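First the structure, in the form of structure tokens, and then the observations on it.
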Amino acid sequence: IWWRAAAVSHGLTALFAMGSWVSVNSLWVELPVVVRELPEGWNLPAYLSVLIAFGNLGPIAVTVAHHFAPGRLNERVAIHCIQALAVVASGFLALFWSRQVPIAGAERSLPFLLLSFVLALVCCTSTVTFLPFMFRYPPEYIRTFFIGQGFSALFPCVVALGQGVGKLECKTENDTVKPEYLEESFPAQNFFWFLFVMLTISALSFMALTQRRAESQQERPPQESDGAEAAKSGEETLRLYNGGTAAPEDPVGPEPPAPRFWTGRNVYLLALLAASNALTNGVLPSVQSFSCLPYNNMTFHLSVVLGNIANPLACFLAMFVVLRSPVGLGLVSLAAGMFAAYLLALAALSPCPPLQASLAGKALVVGSWILFTGLFSYLKASVGTLLHGAGRGALLWAGLAIQAGSLLGALAMFPLVNVYQLFARAHDCVDVCSNRTAAPPAGGAAVPELRTFLD
């Protein structure tokens, strides 16, 4: 029966994982639209960064619950709750995102900020609940899970590009070339309804996954009750927190010592996971516009779209080829880090990076974003697969490493970008490097983006 096919399980897993970070990714890609209508203006990204940082209260609460009450937290119920919260919050966001409230004599977009915090809390908490839940499935489903996480960035980006976010024309007025931003194909409210649909699909996919699992367990002969399985998971989690020692309840005879989780290999894997997420979720996204926009808008759009396509494709490759060698994983991380260093250097040299006017420079920056994202995505999928073999609690620590790395990367870049302003922005329709404005086509028509990429 098609319903019981493994391909259906993989598809449901990918759609379930899509809901992990789709909310925060959607908020970021829609910022150029909402900042024009909300009173905070271009200070809104700074507010959003702070709200996402406070969203880490969710993972902290889950970690405390696992520590003081191992085995008591029902992950399935927790996932249902946070998914329901995300669906409701996204619906309210679509309805009330533009509402403003007077606070201390000034208009503030309180509904948008509060609902953004709720969605950030859900996304951060999903990292330490979704991954441990996947321990119930074979290791190959971890790779499918990371493919789904790639979709959480790809789908909002594609929709935002179809919406026409960031499109502009260079028009001449009084012998001065000025940018004129074009109207979007559909309003922000429609985009947030799309977010609502994606979160609903993710929640329904998780319900279908749990239903399929319940049906398969009913068909198998009874082996362990749910309580026994939960107790077993609790003992495993307790071992991870207490250095691998757990006193047996009814000792019958000498037992082999429980394998320790905190081995050098596992610490190394967690460090790779934290470092890769610090770069992919915190450091490089903060400077992507600085590294791409000096070349042109088309370079920026291609870097965003193709980079997000490389994410699920790299995870799909890990379905067939998993790198298990610590040395090999280190080399992949080093190669991806070299591309990250190049992109950071371009951002630091903005608005006048090298090869700015050449096709080679544009192709190099787009290719670097593709390889940077693809290599680190493959690394994450491989490390997740290896940690799956270390037990359910290992996936909890993997989620914490992902979240900690992302948070540290974002916190490290926030003062550099927003406070000290170490990175200089490029100006639309103005070539500040040669002190001349970019000439528009005759009649003030829009500059074709594909042609500007090749010029």
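Placed from the backbone N, Cα and C atoms, the Cβ positions cover glycine too.
All TrEMBL annotations are machine predictions without curation.
In TrEMBL this protein carries:
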type	residues	note
TRANSMEM	7-24	transmembrane segment
TRANSMEM	44-65	transmembrane segment
TRANSMEM	77-98	transmembrane segment
TRANSMEM	110-133	transmembrane segment
TRANSMEM	145-165	transmembrane segment
TRANSMEM	191-210	transmembrane segment
TRANSMEM	267-287	transmembrane segment
TRANSMEM	299-322	transmembrane segment
TRANSMEM	329-349	transmembrane segment
TRANSMEM	369-387	transmembrane segment
TRANSMEM	394-417	transmembrane segment
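Counting Cβ pairs under 8 Å that are 6 or more residues apart, the transmembrane segment (299-322) and the transmembrane segment (191-210) reach fewer than 3 and are not in contact. Between the transmembrane segment (267-287) and the stretches 44-65, 110-133, 329-349, 394-417, it is 394-417 that has the most C-beta pairs under 8 angstroms. With pairs at least 6 apart in sequence, the transmembrane segment (394-417) and the transmembrane segment (44-65) have 3 or more Cβ pairs within the 8 Å limit; the two touch. Here the transmembrane segment (191-210) touches the transmembrane segment (145-165). Their Cβ atoms form 3 or more pairs under 8 Å, with each pair 6 or more residues apart. Of the candidate ranges 77-98, 369-387, 394-417, 369-387 contributes the most Cβ pairs within a distance under 8 Å of the transmembrane segment (145-165).
Using a Cβ-Cβ cut-off under 8 Å and counting only residues 6 or more beyond its ends in the same chain, the transmembrane segment (369-387) has close neighbours at 131, 139-140, 142-143, 145-147, 150, 266, 269-270, 272-273, 276-277, 279-280, 284, 288, 291-292, 303-304, 306-308, 310-315, 317-318, 322-324, 329, 332-333, 335-336, 339-340, 343, 394-395, 397-398, 402.
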